[in-house]
Amino acid sequence: MGRLKERFQAFVNNRWLVFVAAMWIQSCAGVGYIFGSISPVIKISLNYNQRQLSKLGVAKDLGDSVGFLAGSLSDRLPLWGALLVGAFQNLIGYGWVWLTVTGRAPVLPLWAMCILIFVGNNGETYFNTAALVSCVQNFPKSRGPVVGILKGFAGLSGAILTQIYTMINFPDQASLIFMIAVGPAMVVIALMFIIRPVGGHRQVRPSDGLSFTFIYSVCLLLAAYLMGVMLLEDLVSVSHTLVTIFTVILFFLLVTPIIVPIALSCSEEPKDPAEEVLLPKSEQQEAGKPEQSDQEHEVIFSEVEDEKPVEVDLLPASERQKRIAQLQAELFQAAAKGAVRVKRKRGPHRGEDFTLMQALIKADFWLIFFSLLLGSGSGLTVIDNLGQMSQSLGYDNTHIFVSMISIWNFLGRVGGGYFSEIIVRDHAYPRPVSMAVAQLVMAVGHVFFAMGWPGAMYVGTLLIGLGYGAHWAIVPAAASELFGLKKFGALYNFLTLANPAGSLVFSGVIASSIYDHEAEKQAHQHHIQLQMSGLLFSGLYGQDEVLKCEGSVCFFLTSMIMSGFCVIATVLSMILVYRTKTVYANLYGKSRT
């Protein structure tokens, strides 16, 4: 009995259990990606035009991106408290929207609906913050894979929620709003006490690589399975029984990662804390303040960077490191003897730790910001308007494209992180080059949407989803490499503001204005045709009828503008690549020798 109790305690305190629970939370934390499915019913029920609907989309994007409050509360509350706040916001925000759409609550003005959407979607930031903070602390030496998988599940959540909605077979589309109000809140409340730091640095095992490989395999299998199921349900009439079977298999795949903490808890003998594998002392102090000797070392290194000859950077990596080490040793000796006075640097160099204010005066930071604004902003415009885009091209089932773009978004995050890591690790080349490639892919995807060719929705969704997802694997890593980890939270939260900023301009102004203009033209032409045919009678044509645009012309100009923005983003990314070649050569050149 005592042995069983020890096994259970080891299971409860296993960091892999926390990771798996965080994956489950993230699998329902991306409710913003399903906005394209709920926007048509909101538009019809509340008699909105496209411009008003786009304002709701911008409010949704702001809620998803403004995470300063979530980050602040997570420092002051236990993580389960932050999760509870997020669940409450999600329930209140989307719950009230559902009551309004279904007529159970009085219709609110547009600004109040924007607040509700903002509050509901802002709950995601608490889910993301708690999941990432706990798992990064539990896996201090595997931050890349952990963040990539968790962010990937957030991108996949739209497809997961859509499949569950299809199985439940609600009588109306408004019920989808009810599901995303109640479902994520229930999951988070059920798991919130599991999400916590559990001393992950004492649980480092040689089996970690195998465990991550298994998790990655499950993720890819899950994405492939969801893609196959969604295509089958779209192309073939599938019975409700078969849909239920598909969803049960989906739940099985989601639960499968629990095998890892169970296997580790059963196969390994409980160890005394003194026998656990500890992080090296230097890594334990990583998150704290640097010691005085570290600060002196940093000053000396900065002086070397200022004084070293230009030709040093042109030497092979191994020779360059030797020359820099030699210069640094000479400076140490001279400074110790008082022969030279080492001046304090006026600010950090690229690759060192920046504060947000220091980063804001750097051109590299703004190149990342505006490249992200143009690239991810154009992708978010597609996500927000996917329902109207598919309807304008004659597709009745908009859910399939929302699900597909969630899957491609997931694969873009996983693939973007993986391939960008190969670029920097194997070739010591700047990571932003992979962002430039993703933006070129998105530019082609926008052209497919503009042309409206047969099957263009499928190809465009693929290219935009992959490119958009890749941004959120590449940008955080590049920002941490160029501006350090010390104030990474503030830097990353500022960069994420590019997302709603791009959506505000691209979707809230450009896309909505062009759509409404084309819809008004079509309505006017239809009105004239009815007059000419003598079929227009009083009361048969209402002036308050919701405007609806049909055909590729609805988003042709918008998509071509978005494609041009992606080309400009590519140019900005390549300028950043040119400016940071030396930084990446210094960061990763040594590992290649």
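From the backbone N, Cα and C atoms, a Cβ is placed for every residue, glycine too.
Owing to the predicted nature of the structure, the values given are computational and were not obtained by experimental measurement.
Residues or ranges marked as domain 'Nodulin-like' in TrEMBL: 15-262. If you look up TrEMBL, you'll see 359-523 marked as domain 'NFD4 C-terminal'. If you look up TrEMBL, you'll see 16-36, 77-98, 110-136, 148-168, 174-198, 210-232, 365-383, 398-420, 432-451, 457-479, 491-515, 555-578 (among others) marked as transmembrane segment.
The transmembrane segment (210-232) makes no contact with the transmembrane segment (77-98): fewer than 3 of their CB pairs lie within 8 A, with pairs spaced 6 or more apart in sequence.
Between the transmembrane segment (148-168) and the transmembrane segment (16-36), three or more CB pairs separated by 6 or more residues in sequence fall under 8 Å, so the two stretches touch. Over the domain 'NFD4 C-terminal' (359-523), the average per-residue pLDDT in this prediction is 85.
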